[in-house]
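Colleague: What follows is a single structure, and I will ask about it in a moment.
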Amino acid sequence: MVKTVDFSGRPFHFIGIGGIGMSALAYVLAKRQLPVSGSDLRSTHITERLQGVGAHIFSRQEATNLELFNSSPERVLETVSVAVNGTQPSYPNGNGKTFSDSPSLLLQETLPQVICSTAIAHNNSEYAAAKEKGCPIFHRSDVLAALIRDYQSIAVAGTHGKTTTSSLIGYMLLKADLDPTIIVGGEVDAWEGNARIGAKGGYLVAEADESDGSLTKHYPNIGIVTNIELDHPDHYQTLDDVVKTFQIFETQCDLLIGCLDCETVASELTPAITYSLDPSKGADYTVQNVTSNHKGTFAEVWERGNYLGEIRLTIPGSHNLSNALAAIAVGRKLGLNFAVIADALFTFAGAKRRFEQRGQCNGITFIDDYAHHPSEIEATLSAARSKVDGETISRVVAIFQPHRYSRTATFLKEFATCFKDADLVILTDIYSAGEVNLHNISGQDLAEAVENNHSQVIYEPSLKGLPQVIPDLIKPGDLVLFLGAGNLNQIIPEMINTYHTASTQSTANAMVETSINC
């Protein structure tokens, strides 16, 4: 018998609940007043946010964590209680009764549904215990797939641009007063996190991940494919393998929107609605007269040959203009007025770790970006280069932490040439993300490859060493980008503080700004 995710009141337990994808699902379920618990080895603002909506978080991954919901019904209600207008929540059991009306209902099937991601090994103590106890075990994509079926759903897929595009669409629907539920792979200030709960049965905007093949589980009303490239070589051997995953996804979408600027999308998929930055490609949505300056990116938008109006984006780069076109296509399909769409695009401030400004100090701007694939790095550095004006910004400095041995080895040639828009490249050793180094590759190998194509390359293997090395390498007028999907961004505050200390020792008139800025 095929197991199905149960939203009628049975508890959920997430192994690794603090992950960006897992926490978004846990948040939505908790806000739907379902009992939620989970474990994570690190306490973060993400786990604190989950606790704030009633999730019980364990700091260790142990078999006993699964026994939380085997305690008394009163204990369960106390554990998962959420302040909803100052009242105790009710957990519907699907039969017209609620757990708060009749706590004994909680004793029915109290073994939790256990949710895990691809990162959780099968010898994990909680996973092994869940299997032994007979708990229903689901991959996080199973929960997302069930939610997609539960709403009027918009699923954003693609090798690059998923988080920004899904965040843009979610923000647009929010500005249009459509009260969407949103599940994305990054944090957005507009909803103070990576998820938002909206109207029951209303719109759901979700980021749909292809990295492990689970994209094929989703059946959205509207699907978007931003682009298709070979990535995640730990799962896919060839581009054809990736294409097959997206082709299955296409057949499961009621309507597909695709970007014709990606040759693979244009040749391998048949989207019903198309968009492109190039007017000559005949897409349904395109742009003309594109200009960029310190105030943003400006463009005229055309819909099937008819002029719609002008947009202005504050998030930089042609890749983000493409993401905006995807959002416009969705908005128009849903019947939104173009003025509402344009206002949302202008006021959208971006997602965290997507060209996110983390601070400024003595004429240096520090940027955090999740780019970890050669194409993403190239697009991000191109956006950075567009900001160089010779006055406030004069150089682009790229600090990159490679992510996964398999990706570094597979794309070594592409990594070697993707830093052309950086004036200075600083590389660290590879962030393993739990991989074993079967490729016998190191950050030093990457540094040597980049050095063959770039005159200014520095290799500092240790993250701990970067705050001591970098202050001597940067200067006023630099735009410093921290690139990668690993933990490089964690040293940014220390980096800014170290540079501030060093600069104030040599400059008596150093300017001190608020917050992390100096």
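Using N, Cα and C of the backbone, Cβ positions are placed for all residues, glycine too.
Here's the feature list from Swiss-Prot:
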- Gly158, Thr159, His160, Gly161, Lys162, Thr163, Thr164: ATP binding site (BINDING)
Colleague: Give the sequence-ordered list of residues that share a chain with Gly158 (ATP binding site), lie 6 or more positions from it, and have CB atoms under 8 Å from its CB.
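Modeller: Set apart from Gly158 (ATP binding site) by at least 6 residues yet with Cβ under 8 Å, we have Thr165, Glu210, Ile224, Val225, Thr226, Asn227, Ile228, Cys259.
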Colleague: Of all the binding-site residues here, Thr159, Thr163, Thr164, which one's CB has the most other CB atoms within 10 A?
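Modeller: Going through Thr159, Thr163, Thr164 one by one, the largest Cβ count within 10 Å is at Thr164.
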Colleague: For Gly158 (ATP binding site), just give me the three-state DSSP call.
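Modeller: Its secondary structure by DSSP: coil.
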Colleague: In the structure shown, which of the binding-site residues His160, Lys162 has the fewest other Cβ atoms within 10 Å?
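Modeller: Looking at the binding-site residues His160, Lys162, the Cβ with the fewest others within 10 Å is that of His160.
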Colleague: For Gly161 (ATP binding site), what residues in its own chain, 6 or more apart in sequence, show a Cβ-Cβ distance under 8 Å?
Modeller: Thr226, Asn227, His319, Ser322, Asn323, Ala326
Colleague: Excluding Gly158, Thr159, His160, Gly161, Lys162, Thr163, Thr164 themselves, which residues in that chain have a Cβ inside 8 Å of the centre of the Cβ atoms defining the ATP site?
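Modeller: Apart from Gly158, Thr159, His160, Gly161, Lys162, Thr163, Thr164, the close residues are Val156, Thr165, Thr226, Asn227, Asn323.
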